[in-house]
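Before I ask anything, here is the structure I am working with.
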């Protein structure tokens with residue numbers, strides 16, 4: 001069984017963080033909250049999300065698994081006004097999700113979870129550098145880099161102790177340095193990797209500007225981006241594989 | 001089985017030109033296939049669906065380029081450049097994977113079943129976002145591929161394996177793997193394939209139940225089977241020769257159709273095994289009303305009439321592609337369904353002699369119905385046959401078909417149980433494999449079509465000439481619209497296209513020629529129409545071209 005009431009804003013944030021990578025996902029409805037894990041079809045980007053029962057107005061579940069079409073559910077959640085509550089209830093008989101928003105009832109057909117791509121195993125990454133910064137700084141970096149290139153280099157200068165962003169275009173370049181004073185926290189280590197902006201732009205869209213985001217980086221290694229939402233009751237970790245740098 | 005093991009088999013098949021060796025390689029692969037045998041029996045030719053299955057992948061070359069770009073992190077332009085250079089999108093994919101610039105988070109080795117099921121699943125996507133999903137799924141496979149795996153995944157996706165493996169090769173390999181490989185073993189496999197059009201069933205049955213099991217496979221209603229093909233005769237006398245009181249019928253220029261009836265429900269299939277039930281509600285209605293059998297397969301030519309005159313097939317066949325205005329077309333050109341065979345009536349009749357099938361056909365039809373027997377006689381003299389032939393031509397039909405009254409029905413074969421007699425030099429149905437952008441006023445259009453016939457033996461297309469003339473502006477426009485989306489590569493103004501468009505071609509004669517890889521060239525080929533109802537494998541075969549060439553010489557020598 002599954003029956004929950006949640007604010008429209010929390011529901012939307014949850015769905016948006018996953019839909020940047022995939023169109024369908026499985027949701028584990030555990031007793032203490034829900035879990036979503038998904039990898040994009042090309043195996044380049046991954047999301048691992050949990051939303052604790054505390055983020056809900058009320059929450060009852062007993063370990064079920066459902067498959068949903070994300071954009072459908074996002075559209076429905078979008079019908080709610082800010083601050084409105086959304087009630088979700090799983091009809092076990094019909095395998096449909098009953099959604100109520102202030103008198104509006106919507107019955108959403110679920111997707112057979114077996115038909116959705118298998119959930120990935122989270123790669124075990126031990127990354128030497130850690131940068132903690134505000135969502136707005138990621139937004140600034142990505143937006144600037146996108147003006148000149150399709151890729152972005154993220155790195156940490158081990159000696160000088162700063163985090164940097166590089167993007168090289170055909171004619172124009174972008175460079176940004178953030179020292180310890182600009183950052184919330186910095187643990188230096190050898191880090192320098194190139195990433196596709198296509199993916200980072202999408203992930204950036206889901207990251208709230210006032211969120212505290214932890215980046216973990218290495219040398220030509222995947223990046224991990226971690227942030228909390230719903231007042232800390234929700235946690236998202238993105239992982240993104242680097243581009244291979246020739247030479 | 002890892003997909004890499006299958007690509008090693010593909011590489012071996014590609015490396016040899018000998019059909020015998022290809023057969024051996026496949027026989028070995030099938031014998032070791034274990035529970036993957038059904039899948040491998042299709043994948044050996046790069047197929048994902050059995051011939052009778054209506055599904056299509058719905059993946060164009062440009063979507064595939066997008067998937068290669070996503071998986072490799074390389075720009076589309078780079079992949080298109082390789083594609084032009086290599087002339088094969090699979091080879092371009094191999095290069096892209098070799099030079100990929102995007103790493104993945106997780107990398108799994110691919111197994112055969114995963115590739116088969118993922119690609120088959122592409123056909124299920126519908127509606128908004130389905131193209132993106134197809135791109136994503138293919139990219140996912142390519143992300144896990146090594147260069148060789150990427151090559152064959154892409155070739156399978158675009159439907160061009162380039163391995164020279166035809167249905168005949170699969171048949172012989174199955175016979176060699178599971179029966180003793182003798183001549184009649186190949187025939188047992190062939191018969192089983194004729195009635196099922198599904199190598200998955202045939203391969204498993206051959207392995208589990210041998211010849212006896214294959215013999216028990218039968219036609220099933222609503223699962224289409226191929227048409228028996230007629231040979232061309234040199235005139236009426238030639239056609240009648242040697243057959244005691246043959247059955248002679250009008251040859252109609254219509255849509256050859258198999259009408260399946262099952263407990264009151266009707267389905268129509270074309271000779272390409274396409275379900276066209278929705279386009280012919282008038283035929284369905286007539287069959288429901290008139291046919292006196294609950295379980296039957298009737299074969300017929302459906303002809304549209306304009307005030308009693310048959311309308312040319314080129315016109316009529318437009319209905320096959322139609323989705324709208326069906327009712328209006330049906331009212332404007334009422335059809336007659338000229339039935340000429342009964343392949344099933346509460347059980348298969350394929351092995352019954354023609355005369356018996358026809359007697360039962362007469363019984364299940366109404367004499368003056370919309371579905372009625374094709375005009376027919378059993379002439380006892382050449383004179384009688386001639387009169388009938390002249391009547392057929394006077395009625396605006398194409399000619400006659402002369403049939404052996406004792407013969408069984410052999411789906412998909414040109415065994416000589418039927419011979420057609422037509423007054424004109426026989427036209428050929430050929431596949432367009434390339435074209436050239438025209439010059440001057442017509443420079444927006446593709447012309448100079450490169451034509452090919454299908455070589456059953458090798459499962460390949462072989463070129464027989466170039467068509468320069470006989471095209472009106474409207475036809476050039478239509479040809480361009482059809483060919484442009486199929487363009488695979490370009491060199492200057494010349495383009496190579498995916499072999500999908502079949503056209504009917506007239507010509508003066510066939511010459512021996514070094515210019516084309518078939519060894520023959522058509523002299524003065526002229527365009528005479530599109531064959532919407534035919535796919536590249538239904539085009540006239542290399543055998544047919546050779547026969548026609550030989551016939552010309554026999555006549556000249558005489």
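Glycine residues also receive a Cβ, built from the backbone N, Cα and C atoms like all the rest.
Fair warning: this is a prediction, and the values are worked out from it, not measured in the lab.
For reference, TrEMBL lists these features for the protein:
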type	residues	note
ACT_SITE	B:251	active site, N6-AMP-lysine intermediate
BINDING	B:249, B:256, B:271, B:301, B:340, B:414, B:420	ATP binding site
DOMAIN	B:328-455	domain 'ATP-dependent DNA ligase family profile'
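Describe the structural context of these features.
Residue B:251 (active site, N6-AMP-lysine intermediate): 24 other CB atoms within 10 A of its CB, across all protein chains.
Residue B:256 (ATP binding site) falls within a strand segment according to DSSP. Annotation for residue B:256 (ATP binding site): same-chain Cβ neighbours under 8 Å, separated by at least 6 residues, are B:227, B:270, B:271, B:299, B:300, B:301, B:533.
DSSP labels the residues of the domain 'ATP-dependent DNA ligase family profile' (B:328-455) in these numbers: 32 helix, 46 strand, 50 coil.
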Enumerate same-chain residues with a sequence separation of six or more from residue B:249 (ATP binding site) and a Cβ-Cβ distance below 8 A; give 'none' if the list is empty.
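Result: B:340, B:374, B:375, B:376, B:400, B:401, B:403.
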Have a look around residue B:271 (ATP binding site) and count the other CB atoms within 10 A of its CB, chains all included.
19
For the ATP site as recorded (B:249, B:256, B:271, B:301, B:340, B:414, B:420), determine the largest distance between any two Cα atoms, in Å, rounded to the nearest integer.
19
Fill in the CA-CA distance, residue B:251 (active site, N6-AMP-lysine intermediate) to residue B:420 (ATP binding site), as an integer in Å.
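Given the Cα positions, residue B:251 (active site, N6-AMP-lysine intermediate) is 8 Å from residue B:420 (ATP binding site).
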Mean pLDDT over the domain 'ATP-dependent DNA ligase family profile' (B:328-455): what is the value?
90
